[in-house]
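Undergrad: Questions regarding the structure given below will be posed in turn.
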Amino acid sequence: MSIRVHELAKELNLSSKEVMSRLESIGVDVKNHLSAVEDQDANRLRTRIQKPQGKEQAVEPRKSVPSQESKNLTQGPAEGNRDKSQGLQVESSRVEGEGRPQGQRPMGDRPQGQRPMGDRPQGQRPMGDRPQGQRPMGDRPQGQRPMGDRPQGQRPMGDRPQGQRPMGDRPQGQRPMGDRPQGQRPMGDRPQGQRPMGDRPQGQRPMGDRPQGQRPMGDRPQGQRPMGDRPQGQRPMGDRPQGQRPMGDRPQGQRPMGDRPQGQRPMGDRPQGQRPMGDRPQGQRPMGDRPQGQRPMGDRPQGQRPMGDRPQGQRPMGDRPQGQRPPQRPPATPGTPAVEQPPKRQIGEKKKPQDRNFERKKEMEKEIRAPRGNRRNVKAAPREIRDTAPKHIVIPESLTVQDLAAKMSRKSGEVIKKLMDMGVMATINQEIDSETAVIIAGEMGVTVEVKIEKPITVIEEIEDDPAELRSRPPVVTVMGHVDHGKTSLLDAIRTTKVTASEAGGITQHIGAYQVEINGQKITFLDTPGHEAFTAMRARGAQVTDIAILVVAADDGVMPQTVEAINHAKAADVPIIVAINKIDKEESNPDRVKQELTEYGLVVEEWGGDTIAVPVSAKARMNIEQLLEMVLLVAEIKELKANPNRSATGTVIEAELDKGKGPVATVLVSKGTLNVGDIILAGSSFGRIRAMVDDKGRRVKKAGPSTPVEVQGLNEVPKAGQVFNVVDDEKHARQIAEARANERKAEEVRQTTKVSLEDLFDRIKEGEVKELNVIIKADVQGSIEALKQSLLRLSTSEVRVNPIHGGVGAITETDIMLAAASNAIIIGFNVRPDANTKATAELQGVDMRLYRVIYDAIEDVKAAMTGMLDPDFKEVVQGRAEVRQVFKVPKVGTVGGSYVLNGKITRHSKIRVIRDGIVIHEGELESLRRFKDDAKEVVEGYECGIGVANFNDIKEGDIIEAFIMEEVKRQL
């Protein structure tokens, strides 16, 4: 016969793990709680377990006897010594077996960590919990309690009322007065801090667990007790080793594993939080504090169990069945007097499942325990489900639907539903204004405070001290119509050949140069003259001090010349007119001067205030005179700046260099820009790694009016943006992110608003054909120029839609975007790599590469022309007169006709004209000459003509043949 481990455990009131451990200690190998154990092995285990319990079992049936009787039974030598040393009266009604039957108790009696709810009543037990005489296993005989852990006579309400014990059974750090207030024990019942080896530290405890008169050093004299509080028969580790206690709280008999090591158990073995029934059942629980029958997990693994052996989450009654356990006295907070206990039920009294005052005591316990926070293993009382939604929120001027829902702790769907009820169609990411948000929140019972906080996106301008201002070089912008010689003029000034390097011989982005004339520096900005570069010219005019307007003497004032004049006037910039190409025979400077007067520029020779200098860039004529005029105007303007401050300026141009990363050409307007400075331009920022001047030389600093190329930005800034030097990179990042978020919010606001009018417009737009384009260019300014030029090509029927524009080479990402959106890619001064080309061919994406902006515009124009619906034009081919009418069976009426002019073809459309009125228009059904079908009949011949679906042909009718010709439309 055999018995399973879990059955044996139930029989012995042990955990399966404890039984398995004990079986292994006697040489029986078992794998789990379902393993079978032979009867002889089970008997060996039973015998071994029952040996150390002789004394306890002898007195166990006498639980709850009156105080004097139990004292007589259990008083022993150890108890006597203690009584003598303490001089205290032994407390009654605690028999030895009642406190903690040790034989069959696999689990330690009390964890010592941070047990908030002590097990022992503090009221009548000032000196010691357990007599040590005949109770080798008892918890702690306390001066007046020789008979057990808890006096049962007067303590019906729990094992240890917690009068002045806020922190646990033996809270070891926060218990000022100890488990049992001892008068001279300020440090707690068993402080655990300095006690590595036992429940009661013996070395550093000046006051001891229970000051005993002649026992200054510990709870119990440790002479014969090297390892713990109470050496037990076969307990090698002591009563309660605390630090490295492999044996548990009070290992019993042959319990090598211990009940609960106290090292990592802050909350104690028996959390007292919500156990109204007391720590140990007092009535008929002869087998120990916790019946272990159904506990397949053994002793209670103590590893990472901070909450004690039994989680108290859902167990308001504690780990142990509380059926016949009178309610525990509620714990008290520090300073609260102990709650007086009613008399305990005596032997022979009828058991009640719970004390009749249980409900009242439970409420009292809740009230007393309310302020205590360190109760991790206490199950929280069931709380009412409350509405946690805030009643008051603070919102900005505008916010998204999702943000509003989050602030009100509501679902986004509820907010969207409210908006729909108000007639507002909104998505989760759509912004709504504060007024709408206030209405929505009001309907949901939330009050709203609107707080307008704009993120810092603008850096304050610092006023310069006039005493610190110094003269600076003038910034001169060269403007004019395309091919009028602006760059050639600059070449003549700089004695370089920039024009030769420009694609198509025209300037396609701003060039910034600095030259020195007579010891004075002048900064030149060369702007494009082509109509596509309006934005660039406007930027050039904004940052300049003087504008040189180049006009070809042989060409006169042209559209871009007029535009340049307007830009300069708008920026309030003085204009110097350079009449170029005077070396040509057909040049006529006077005509140019005359044309300029039409736009408000009257030259000095004619009594105006506009300086005009005739020059020849190729022949280098009058170049010095022009520069002298520039210096003269600059001197009159008294251009000054403070070089000793943080730099500010303008981004002239920006590009993405394959090796250097984002590169920006900047013009410093104030202060000095140094390598290592942190600059912020729009939503891009970074620390300057290197600076290069217009001649390609590396420089470490750049003063006012100096153009330099900077490296180190995190992204390509937009041309025309103002840059500032900031002290802190973190601050720069915050401002850049705020600007980027602001821009994104604006884009979302513009694209997500839906109304009936918008819907109608979009339906109409469905009839408009779109040419999607992706623009990639070498510099930011070229993208702008190309985009503006292409948008100007749009008509009411065909529209250019630039879906993406970026600086740098064409990448595979661009190809994928083009394939998804059915777009063509326009590359301006950039080339794709081999992989990108292969991907484009695979995806069937049309990639067009250009170096001259004219070509790009013309090609896009041609593509758009092909998308236009063609026009149809009617072309009359010939006329025939009906001379005779024939009625042919099964065919209908046929008109015998004579071709008057032109020709009649078989596939022509015809119209029948009678007396000058068109009476029918339709298809030609048959065309015959004699009895044969004819393809066409020319002038002067007769033929038979049958008209489809028309038989009312009469003599004298004129049949006119015509076709519709497709005519291509032009933009």
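Just so you know, the numbers here start at 1 and follow the chain as drawn.
Cβ coordinates come from backbone N, Cα and C, glycine included.
Owing to the predicted nature of the structure, the values given are computational and were not obtained by experimental measurement.
According to Swiss-Prot:
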REGION    39-379  region 'Disordered'
COMPBIAS  53-63  compositional bias 'Basic and acidic residues'
COMPBIAS  65-75  compositional bias 'Polar residues'
COMPBIAS  310-326  compositional bias 'Low complexity'
COMPBIAS  342-370  compositional bias 'Basic and acidic residues'
DOMAIN    471-640  domain 'tr-type G'
BINDING   480-487, 526-530, 580-583  GTP binding site
REGION    480-487  region 'G1'
REGION    505-509  region 'G2'
REGION    526-529  region 'G3'
REGION    580-583  region 'G4'
Undergrad: In the region 'G1' (480-487), how many residues does DSSP put in helix, strand and coil?
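TA: In the region 'G1' (480-487), the DSSP-based counts are 2 helix, 1 strand, 5 coil.
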Undergrad: Rank the binding-site residues Gly480, Ile582 by the number of other Cβ atoms within 10 Å of each Cβ and report the first-ranked residue.
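TA: Of Gly480, Ile582, the one with the most crowded Cβ is Gly480.
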Undergrad: Return the average pLDDT for the domain 'tr-type G' (471-640) as a whole number.
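TA: That region's mean pLDDT is 76.
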Undergrad: Determine the minimum-neighbour residue: among Asp483, Lys486, listed as binding-site residues, which Cβ has the fewest other Cβ atoms within 10 angstroms?
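TA: The binding-site residues Asp483, Lys486 were compared, and Asp483 has the fewest Cβ atoms within 10 Å.
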Undergrad: When secondary structure is assigned with DSSP, how many helix, strand and coil residues does the region 'G4' (580-583) contain?
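TA: DSSP composition of the region 'G4' (580-583): 0 helix, 1 strand, 3 coil.
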